[in-house]
């Protein structure tokens, strides 16, 4: 997969697929015939085992097992069992991760915990251009303190300098949702700790796409979703990491019975679980959670180093082909060119990004558009092939060379097929 | 269904089933052969359509539709679409209910909203013997105010008197999870409003089991689950009601992007939705939510008045049969004897409740045990038959008369079959 040594044609891409150690994993997914799906960073594809698992959970676990499945089918322990499965993918230890709720809710919990852990400090630092819900949630956490805490939004290069003795925590998305740039988790965490601040990471765009080493970097808290690179299904539950040193207290304020030390003792007052379960609140959505396990299991059969190697090869190839074959069509790379600084996605800026993406989707290449001018493509190493990259660019070339994206919407589909 | 006029034998129960206007609804559910399921107040039974709906959501909506199903399959609007379906069952108007998250989380939102709406008051009133998570959540909301707010736990008869000018809100579960007693929603709400306090109701044990009239009573906020009498599946999402007069502000503090006025504009700051969607936080678990609709649809084909009539007849019959046929075996009714004061469940206290329930379950009658001494039976009018009540008591009589519940656990199953 050394790109520069290969002549860039479709046969070369086929040869790369033939040499790909992850190639067989594509068979674990069901992808619509002819579709090139480069949006797994928004919603991952469906594992072939998903339908059978859903059927089993509905008919056997629910329909036949009924109430006793809370124990016999292990429903009650799913959040920690899946958390333990996910842990090695993100450099966490068993008992440090739960799968539950949504990323936004989990961020609320860990930001609230951080505020509780640093009662004499005032500032939460986030990346201003990040996916907005993180910043909205931080606003809400700050507002709940009645003005004691404030949110400071920085951009990438300002973050390290912004951290000082008044910083409660720096809470950053590891891979930027739009550009795909990767933050230096270890360096920012070290900088935060040196100032007595906490380090919180959102792994939505990195978990499953690249090696993450939370404990290696000394991270305090992390959150992320399972429906992107982990292929857990639409809105599948998120996850939450709390380093073991932060467990044992009622640090997160949504103190529901699933976080109680003895949830079935029905005690009158709240006593926090001593472990990661304090970050649970109430009853989990079992069907969605069970499906998340199907995606996780595929990941556990693959080597994360091999996933990263292929991810870099796919994104390098895409950048090179677009820049060569669409030269002169006005695309500007909006992701880092250096592979080590880039997640498993590639964005290009183009003034006509919206109609171009619409035409691409009509041509069977699914990426997405992010206002005002970004076309974004995600490359999930488990099921995207090198030949898909070739074919995607091939269709993009046809759309650009033929001016198809300029046609009225209703004519685009005829033109691309 | 006038019980007193009927001779109480199995044939009489069969006659009551033959006259039951809801009888055909049982065919919409798949119940294990021979099982008498009296635990629908813990986890409702599986609708026959559930497996097909799960298959369709997984294979067509997710597998084939992929990312575009957020729009084309209506995923993004599910919380409000299902909320509007649920609204008439609880006396709410369209746009006042969302289906999302868990009951505990939703209670956190509405209690936080109440605290924000009454900044000069100090006390949240809850029922001390209620299902504990409500009280734990209230503790968390109070703790987050740094001591300004406190929780006062009362029992049923003390609540009205406890409400005063310092009360933020009274937050009560409409039907008590253990005894099944029904609180007077209209009277308590009127009392709260007279004191300038807010009225919040947890409908977990009443939604779908009896008519509820939130707007008729002038209720401010409500929450509840869909996995009990609404048969939404294990851990299916909860619901939240906010009266229209309380919408339009950022009242709940978990300010995620799904509650933003323009979630896809990716604005830097939080601007609340003007409607019920402000109570949403982040991405919903679509598979679990889609299944909740299957259960809701069955309810919408039934008349709530007929459901309540049958519920009362079932529970009256059960009380009468247990008291007659198990007389002298030590059961004491632990639910209100007056039908209008009782939900769709019946509890009996018995010193040996635990082994008795274990033997009953072995005999194919599923109820549940609540410490220290309560055996609890739920009667879902959509699928429980009068003959089931007869047969359940029949098996209870055999267990009591034969002393089967006193046998070692491993001998019980042989003894009851």
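Yeah, the Cβs are placed from backbone N, Cα and C, and that goes for glycine too.
Quick look at what TrEMBL annotates:
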{"type": "BINDING", "residues": "B:103, B:104, B:173, B:202, B:205, B:227, B:257, B:283", "note": "pyridoxal 5'-phosphate binding site"}
{"type": "MOD_RES", "residues": "B:228", "note": "N6-(pyridoxal phosphate)lysine"}
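Everything TrEMBL records as a feature, shown here on the structure.
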| residue | record | Cβ contacts under 8 Å, 6 or more apart |
| --- | --- | --- |
| B:103 | pyridoxal 5'-phosphate binding site | B:133, B:202, B:204, B:223, B:224, B:225, B:238 |
| B:104 | pyridoxal 5'-phosphate binding site | B:133, B:134, B:136, B:137 |
| B:173 | pyridoxal 5'-phosphate binding site | B:127, B:130, B:131, B:134, B:183, B:201, B:202, B:203, B:204, B:205 |
| B:227 | pyridoxal 5'-phosphate binding site | B:43, B:44, B:233, B:234, B:235, B:236, B:292 |
| B:228 | N6-(pyridoxal phosphate)lysine | B:40, B:41, B:42, B:43, B:44, B:204, B:205, B:207, B:208, B:209, B:378 |
| B:257 | pyridoxal 5'-phosphate binding site | B:263, B:282 |
| B:283 | pyridoxal 5'-phosphate binding site | B:258 |
Within reach of chain A, those recorded positions of B:173, B:202, B:205, B:228, CB-CB under 8 Å: none
Neighbour count (Cβ, 10 Å) for residue B:202 (pyridoxal 5'-phosphate binding site): 29
Max pairwise CA distance, angstrom, over record-listed pyridoxal 5'-phosphate binders B:103, B:104, B:173, B:202, B:205, B:227, B:257, B:283: 31
Students should find that the Cβ of residue B:205 (pyridoxal 5'-phosphate binding site) has, within 10 Å, a number of other Cβ atoms equal to 27
What kind of secondary structure is residue B:257 (pyridoxal 5'-phosphate binding site) part of, going by DSSP in three states? helix
